[in-house]
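Listed in Swiss-Prot for this protein:
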BINDING   CYS184, ALA185, ALA186, PRO187, GLY188, SER189, LYS190, ASP216, ASP243, ASP270  S-adenosyl-L-methionine binding site
ACT_SITE  CYS323  active site, nucleophile
COMPBIAS  704-714  compositional bias 'Acidic residues'
COMPBIAS  731-746  compositional bias 'Polar residues'
Amino acid sequence: MGRNQKQNFFAARKRQKRENGPKRTDRQAQPYEEIKRDNAFFIKYYQLQKICATDEEWTQFLASIRDNLPTTFRVTGFKDEAKALLSIIETQLFTEYVRAVAELHQKAPEDVERPLCLPWYPNGLAYQLHLTRKDIRRSEPLYRLHNFLIVETTAGGISRQEAVSMIPPIVLDVRPTDKVLDMCAAPGSKTAQLIEALHAAPEEHKIPPGFVLANDVDNNRCYMLVHQAKRLNSPCLLVTNHDSSVFPNLVTTKPDGSKAILKFDKILCDVPCSGDGTLRKNPDIWLKWNLAQAYNLHGIQYRIVRRGAEMLEVGGRLVYSTCSLNPIENEAVLQRIIKDADGALELVDAGHLVPGLKYKPGMTDWKLATKEVDQIFTRFEEVPESLHTIIRPGMFPLPADEMAKIGLEKCLRVLPHLQDSGGFFVAVLEKRRQLSFEKNDVVELVKLNETAKQPAAEPQVDADGKPIEEKSVPWGPQRKKRRLHGYKEDPYVFFGENDPDYQAIKEFYQLDESLSQRCLLTRCVTEKKKNIYYCSEPIRDLVLNNENNIKIINTGVKTFVRCENRHTVHPFRLAQEGLQTSNAFMGASRRIQVEREDLVMMLNCTDPTQPPSTHELKKETQERCKELGVGSCILKYVDQRFTLYTVGWRGTSSLRAYVQKDETIHILRLLGADLSKFETNKYEDARVAAAAAADAEVGKSAEAEADSSGDGDATESTFSGSGAIDVTVAAETTGTPMDTEVVATS
């Protein structure tokens with residue numbers, strides 16, 4: 001009890017409370033206190049705005065927003081195997097879904113409603129399940145569905161995303177040649193959609209000429225954005241961290257070598273909002289909602305869309321969206337920017353891009369009120385002076401004649417009850433001419449960037465070698481150094497001409513001349529290259545011209561990884577993440593076509609120290625192996641429906657796949673192989689663990705009883721001490737080949 005032999009009263013009380021209180025497993029079974037889905041101010045305010053045409057519709061609206069949100073997901077459309085995965089979903093997965101839901105709700109299978117294919121999503125690639133996220137996560141009959149959603153999301157086969165959140169990228173209408181800016185991109189589900197659209201024509205472009213620049217003001221959320229977007233392994237993505245309302249002008253290099261201010265073809269402004277359209281997904285908003293949120297956000301929303309309009313190319317398209325129902329955050333912001341643009345911006349109707357979507361037109365009349373909705377204002381003159389800093393003139397609707405010219409009815413208002421979804425607002429703007437308030441001075445911007453790149457001047461010293469203090473200050477206002485928040489990022493070091501590592505890579509993999517070594521980069525300056533990344537030419541140009549102008553979080557896709565092995569002279573292996581890119585430029589010498597049975601066997605081999613022997617492969621594959629030297633290679637499998645490419649390793653007498661666990665399961669699913677080896681049932685695992693813990697507790701009690709009744713001469717248990725088996729080590733041996741840098745050569 002310590003040196004002073006005094007017992008700590010507070011520690012003892014805490015220990016007693018922990019021992020006598022409910023166990024963690026007991027608490028997990030207890031639900032959170034149910035949130036009361038009601039807010040008098042919310043109901044009064046939206047009744048005032050007449051967002052529903054009739055009392056009957058208002059009743060439907062209230063019933064809908066008080067209900068939980070169904071789960072939705074979409075299939076990644078640009079991948080070659082998308083149709084095959086969709087077929088598996090519609091047959092195997094949904095058959096299992098019907099069986100599990102019938103068991104969960106104790107219904108007959110024929111009474112279970114099948115998942116709904118969203119009619120407005122392109123190519124029928126999105127589905128809505130009549131289950132909530134909590135249903136899927138906490139119900140044992142649905143564990144296979146839960147496993148599928150987790151694995152396929154990680155592998156990039158699908159994306160879990162709220163249905164209405166899919167609308168803005170669709171109406172933005174991105175093409176492979178577009179320069180796209182996502183101004184408020186985190187957490188990244190819409191960014192992933194934009195990347196998919198950019199890669200929609202792989203047969204036309206090895207690497208899309210366009211790019212997606214995804215930005216967010218929150219440094220931590222930027223890493224969430226990277227995690228979401230990296231699943232698609234695009235070399236055409238750049239992630240930045242900046243306040244989008246003051247996003248800097250970026251410099252780009254024109255074909256003639258001159259510099260220019262970058263203008264974007266497509267811009268997505270999914271601005272911060274009060275989020276009251278997400279009440280079904282986030283019921284805690286019922287407790288926090290108040291009208292002051294919309295008033296506070298209106299200004300920042302306007303500044304973001306105004307900055308977006310400045311950076312938009314003439315003829316370009318900007319989509320403004322929120323997950324709010326409030327006209328103060330929606331129509332009021334749009335009428336203000338359109339009025340300030342003085343004819344340079346025009347609202348366009350994009351309803352034809354989402355055929356089958358049910359929505360209402362934008363509002364042309366609305367009212368403002370106090371926080372408690374006890375005073376209603378129709379004109380700014382009615383607002384008390386004490387509220388003038390909160391309620392501004394631009395928030396009120398324009399006179400009817402001016403409003404008619406703006407065309408706010410072209411906006412899309414999606415209400416929850418229309419198609420069992422969340423609430424959302426979308427508007428599409430096109431730029432007809434340059435804005436009067438645009439600033440396009442490229443000369444000063446280039447000078448600032450070049451100055452930042454110059455090395456620091458040598459310090460001046462006196463006769464004794466001591467540094468001389470600088471006392472003179474340049475004349476005029478001084479430019480403050482921008483403070484960067486968050487983590488300090490590693491540098492982006494691009495390959496120079498005749499880089500020795502690139503020459504070795506090019507020779508070993510027979511890389512095409514069209515793959516520019518200038519676009520390969522590492523994240524270290526002095527150390528030996530470990531990971532080599534690839535980015536597209538436009539992304540490289542953006543990084544080099546603007547690395548001192550904006551904080552860059554991430555770019556490039558991992559393409560080559562150092563993996564030295566005594567049986568091969570080449571020190572770099574291919575990375576599965578970059579295979580989508582490198583495959584388009586590689587020669588035939590490091591490729592091998594394999595049969596289905598071979599690929600299934602290799603993917604099922606999860607022990608990196610025991611790779612499949614070439615003698616176990618089919619004869620056709622064995623013959624092809626004879627022409628392939630030791631080292632990294634591409635395994636190609638051709639199916640009637642799709643072609644699969646995976647990274648492999650040819651050992652001296654073995655051939656193995658080099659794929660992470662989730663992608664392994666994804667490929668095996670496409671091949672129709674048995675997945676039981678990888679299947680996990682967390683409920684069964686919990687029961688086994690609980691039973692083991694109970695047995696251990698019984699054993700301890702028996703041992704204690706024996707000790708108390710014995711004469712004190714009992715020997716130690718043969719299972720104690722260093723001879724005990726560590727079951728966690730045994731469990732960890734089921735890891736995947738990517739968990740280690742060991743390369744088997746047997």
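Each position is counted from 1, following the chain as shown.
Cβ atoms here come from the backbone N, Cα and C positions, even for glycine.
Annotated features taken from Swiss-Prot, shown on the structure.
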residue: CYS184; record: S-adenosyl-L-methionine binding site; DSSP (3 states): coil
residue: LYS190; record: S-adenosyl-L-methionine binding site; DSSP (3 states): helix
residue: ASP243; record: S-adenosyl-L-methionine binding site; DSSP (3 states): coil
residue: CYS323; record: active site, nucleophile; DSSP (3 states): coil
Count of other CB atoms lying within 10 Å of the CB belonging to CYS323 (active site, nucleophile): 24
Most distant Cα pair in Å, residues CYS184, ALA185, ALA186, PRO187, GLY188, SER189, LYS190, ASP216, ASP243, ASP270 binding S-adenosyl-L-methionine: 20
Between LYS190 (S-adenosyl-L-methionine binding site) and CYS323 (active site, nucleophile), the C-alpha gap once rounded to whole angstrom: 13
Alpha-carbon spacing, ALA186 (S-adenosyl-L-methionine binding site) to CYS323 (active site, nucleophile), which is rounded to whole Å: 14
Rounded to the nearest Å - Cα separation of GLY188 (S-adenosyl-L-methionine binding site) and CYS323 (active site, nucleophile): 15
Residues that sit under 8 angstroms from ASP243 (S-adenosyl-L-methionine binding site) by C-beta distance, when 6+ apart in the chain: VAL217
Pairwise Cα distance for CYS323 (active site, nucleophile)/CYS184 (S-adenosyl-L-methionine binding site) [Å, integer]: 13
Intrachain C-beta neighbours of CYS184 (S-adenosyl-L-methionine binding site), sequence separation six or more, cut-off 8 angstroms: ASN215, ASP216, VAL217, SER244, CYS269, ASP270, VAL271, PRO272, ILE304
Neighbouring C-beta atoms (10 Å sphere around the C-beta of LYS190 (S-adenosyl-L-methionine binding site)): 25
